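Going by TrEMBL, these are the annotated features:
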type     : residues : note
TRANSMEM : 25-48    : transmembrane segment
DOMAIN   : 41-290   : domain 'G-protein coupled receptors family 1 profile'
TRANSMEM : 60-79    : transmembrane segment
TRANSMEM : 99-120   : transmembrane segment
TRANSMEM : 140-158  : transmembrane segment
TRANSMEM : 197-221  : transmembrane segment
TRANSMEM : 242-260  : transmembrane segment
TRANSMEM : 272-292  : transmembrane segment
Amino acid sequence: MENDNTSAFEGFILVGFSDRPHLELILFVVILTFYLLTLLGNMTIILLSVVDSRLHTPMYFFLANLSFLDMCFTTGSIPQMLYNLWGADKTISYLGCAIQLYFVLALGGVECVLLAVMAYDRYAAVCRPLHYTVIMHPRLCGQLASMAWLSGFGNSLIMAPQTLMLPRCGHRRVDHFLCEMPALIGMACVDTMTLEALAFALAIFIILAPLILILVSYGYIARAVLRIKSAAGRKKAFNTCSSHLIVVSLFYGTIIYMYLQPANTYSQDQGKFLTLFYTIVTPSVNPLIYTLRNKDVKEAMKKVLGKEEAEIE
């Protein structure tokens, strides 16, 4: 108990990539670049969805939520990561670790549910086009977005304290570059089977249930698209959903591997690079995916840039 109290006062040591010092400077530059791209891209999506009336639709309402979520997610983890990569100090305070763990878990959960909500929106747009505005009315959109945010933060409210309260027998070295649940559970000096079972049960509701809803939605969408006789119609329907499908594939591919495998098979090196991928790469490419593959966003950007050019002239 004395050792645990000491670690609570002194905090933790984020080992990160300190065993590969030649990589740290390269990673610092790469991560900083991706972070700036994430902020720029997602802020652009949010601003466009606000200023352009053509983007005042359910799809862009949820996309703005996703962009805000990605900005919060990266800001909650990357600044500390950059600080630890830049110098010899690899520490993080106990409070800082607790806050980071809570928001990483919460925002990851929010994204899982939000992607399912966006899949339902695409189902309504493709399969029920004549009733779309009635189904996806503003009140329902607000309720669905609120459900996503509340479920993610509720899940973290359960798992984060349980993870932090595990006895660690004075161990302070976290073999990771952020305070993430699998790495912290791996530090415990007691049997964690009960906590892992709880984490798996909650993951079914936060990760697997939304994924099943996404797959069911796209099953109906695929059936509706195959019934469209014209090639132009099928292409339009595919373009409506392709950006979301790419984002779902990138996000869920890493999350499922990270959180649904047994702890005894968890590889720290694999975990670090997978976490690096969904922490810095996915949030930065989301705006790019939606911008490049979405005509409305590109037109809105041209309109805003055109106004700015006119003002300069």
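Glycine is no exception: its Cβ is also placed from the backbone N, Cα and C atoms.
Taking residue pairs at least 6 apart in sequence, the transmembrane segment (197-221) and the transmembrane segment (60-79) share fewer than three C-beta contacts under 8 angstroms. Within the model, the domain 'G-protein coupled receptors family 1 profile' (41-290) shows a mean pLDDT value of 85, rounded to a whole number.
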